[in-house]
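What TrEMBL annotates here:
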- 1-112: domain 'Thioredoxin' (DOMAIN)
- 114-123: compositional bias 'Gly residues' (COMPBIAS)
- 114-174: region 'Disordered' (REGION)
- 127-147: compositional bias 'Polar residues' (COMPBIAS)
- 275-294: region 'Disordered' (REGION)
- 284-294: compositional bias 'Low complexity' (COMPBIAS)
């Protein structure tokens, strides 16, 4: 019977993908150890995989979304559990959430029925989870799951750079880069993240906020989910494809792993931007340092 294979590294993921015949249906399961719905989804997928013979032209792989950030960014994973079905490098379908019926329907749609009978009648009921943003027709819905594509900071969040994140007119690359150049200097320390410090929308952003809070660093933030132009443009501007990103003095430091390493290697890292004996959740730069709408 087929099984769900855990992929431990990004190199292993690349090798696993390249080794598959183009006719093989690949089911990629993104999970995180802190997300309760993932425990249910792991059971669902293990059972579903077992209903197919080992010789079936399909493969189930499991990816820790926080341990393999580049893979998660490649598939635009912003919530877990999240499942991608692809063949020959092309995404066929996605499922966000822990509804067994939706998962089985998606797999059988592209792989055919397994003949193993109904999917585990003893499984727990579906749980409501946050929906990953959709960039087009491939996006899927999960009932009452929250739609992050419409996410915007609430009135209770600090009025920092996200206040200027929406723009009705398309801008040229030159204008966009000028805007980004201002945004990365909107505060001495700028965090570009998914969501806000009070409501992070991905595990990596949540970890970065916790790390900066632990170190007592005062920072400004920008919610990239509120402005896709900034989200896509900053990847090229910074030559850095993933989020979150930390900038200091208008210069890119890097993502979560690099910031962690900097703190481990240098106890004085960002000390000049810390608030002594105060815990903070991020805040705005001084008004004169804020980026202005372009």
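Glycine is no exception: its Cβ is also placed from the backbone N, Cα and C atoms.
For the domain 'Thioredoxin' (1-112), the predicted model reports an average pLDDT of 88. Across the range of the domain 'Thioredoxin' (1-112), the DSSP-based residue counts are 43 helix, 31 strand, 38 coil.
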